[in-house]
């Protein structure tokens, strides 16, 4: 079937290279596009007229608030009555709303642009913050002044808003301000430039694509795909909205006459073959005399380390994907290949669009995980605390990559999971762990990440708004030990259970037999009997795992409760199957069995300088019969009889607060 010469065919060159193909759509391409658009509509990706009108109303009301705020400040700062009358601030949007690809419930990315005498540090984050805090329409107000792009997050009449601030070098801000005017960047600091560039980049993207509507449909589709496949999170090193917009825009430039179904397929075809770190650019990098740093790997050594450069088109051009790590790039490339295969099947009529959006089975993809539990006194504190911890997961990934020379790969999963059965405010993040494929595994090879976790906890505890009730737990869990609250209805598919005879043969080891090479072999044999990595169980079983409360305990213990340094230092060893076992530096595995505990948890609290391990894991054991070993506050192992064995090979760390 030949290509149709549909309306909107473009012969103009877009981008820095010639297009790959000028071909237009066939009848089949047009049909697949209609099917794709129908699927997106049925999936609820478009907001209705009522929701759109509410967003416009919120934007108008927010604009009136900032205008009144600036006039109030102008009067307080002693300016003339005429200046007070002329004083102004405006609200502009950026991100998905400005690009026209937002959906129901999406955040509204906004920026307040004010005059030169209204600053960010005091006027925005204190005066305006207090005004918003006293409004009934505003809830969940969260200032983040130390972010790379300082922001205030809140809900206004139920709509989530991210509000930035930019003070430009003008005494009066006109209502018809042209955001693309380069003179707006005169005499402003870099956070202001980054704030303003949200709008400037969005406008440039829309100017640099051949067909805006085709671009929007394709981007809306691929954002939905990235979310379903677990790679939509710029903060953890995956793709954010701007990253995806730039990648899609470049494909639109390379196939200027393609329709959305073609562009989705070409997206995966292009980026499965892209030779990273070759940068993705929509236009040449602009150099200006304003003196701001821009992406230039020849001049800036730091830029040379970027693995997946996706360059913004507005001055100063920057890499929007500097967060990408070796591990997250690996995960994204795997997902690109998945998408490429599905689109190939769709083009051959062997598949359908629904297959492309199949949710990623994160908890079936790895044998070992790190579980990061975050606890706070109430939901408001938890919102701030989990936001900070979540933003540091990328650093944990980079640290593990660095300290294991890239041999232990991580997959940080940005989704947060809450245990609603707990009385305290709680959420958990998970990081998948696996040995790098192709690595030769030697007998007894170890990945010691004790110091890595200590460094991560140290960084987390630098949170400037930390409160004593804010706690973090880090634990190692195997696939079958994932807590039930991360699964729909509390159910998960388990691996095959061991025969009853095997369970009955398990015995608790006396204290003097829990260490040494013999015990390492015993643990390995027991682990192999568990059948990990062998086959899936065909039945569904409900599990209940909860986090111990662990609050309110003393921050110090007696001398008799202190562990020696060798007992406190625990590490991570890799087994012959590529799994990650947790052992201390004596070769002793800390095997603990809990029904209501998802792995041995590590408490990061304010302690004495000796780094004392504190017995604050208040385990709520159910009335079951299971043979396990529990580590007490002195480091001794005791046998307890409970039900349904869940053997924990737990990774434990020193619990310091710095």
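Every residue gets a Cβ built from N, Cα and C, even glycine.
Quantities reported herein were computed from a predicted structural model and do not represent experimental measurements.
Going by TrEMBL, these are the annotated features:
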BINDING   94, 95, 96, 107, 108, 109, 162, 223, 232, 241, 242  ATP binding site
BINDING   107, 109  Mg(2+) 1 binding site
BINDING   107, 109, 162  Mg(2+) 2 binding site
COMPBIAS  554-568  compositional bias 'Low complexity'
DOMAIN    15-209  domain 'Poly(A) polymerase nucleotidyltransferase'
DOMAIN    214-358  domain 'Poly(A) polymerase central'
DOMAIN    361-421  domain 'Poly(A) polymerase RNA-binding'
REGION    495-568  region 'Disordered'
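Residue counts for the domain 'Poly(A) polymerase central' (214-358) under DSSP, helix first, then strand, then coil, are 76 helix, 6 strand, 63 coil. For the pair formed by residue 232 (ATP binding site) and residue 109 (Mg(2+) 1 binding site), distance between Cα atoms is given as 17 Å, rounded to the nearest Å. In this structure the C-alpha atoms belonging to residue 109 (Mg(2+) 1 binding site) and residue 162 (ATP binding site) are separated by 5 Å. Here the domain 'Poly(A) polymerase RNA-binding' (361-421) has, by DSSP, the following mix of helix, strand and coil residues: 28 helix, 19 strand, 14 coil. Recorded residues residue 94 (ATP binding site) and residue 107 (Mg(2+) 1 binding site) have their alpha carbons 11 Å apart, per Cα-Cα distance. Within the group of binding-site residues (107, 109, 162), the Cβ with the highest number of other Cβ atoms inside 10 Å belongs to 109. Comparing Cβ neighbour counts within 10 Å across the binding-site residues 94, 232, the minimum falls on 232.
Highlighted in sequence order, 95, 97, 108, 110, 153, 160, 161, 163 have their Cβ within 8 Å of the centre of the Cβ atoms of 107, 109, 162, the residues recorded for Mg(2+) 2, and are not part of that set. Around residue 108 (ATP binding site), the C-beta neighbours below 8 angstroms that are at least 6 residues distant in the chain are 55, 58, 59, 93, 97, 102, 159, 160, 161, 162. Taking the Cα atom of each, residue 107 (Mg(2+) 1 binding site) and residue 96 (ATP binding site) are about 9 angstrom apart. In the predicted model, the domain 'Poly(A) polymerase central' (214-358) shows an average pLDDT of 94. Within 10 Å of the Cβ of residue 96 (ATP binding site) there are 23 other Cβ atoms, across all protein chains. Of all the Cβ atoms in the protein chains shown, 22 others lie within 10 Å of the Cβ of residue 242 (ATP binding site).
Largest Cα-to-Cα span within the ATP-binding set 94, 95, 96, 107, 108, 109, 162, 223, 232, 241, 242: 19 Å.
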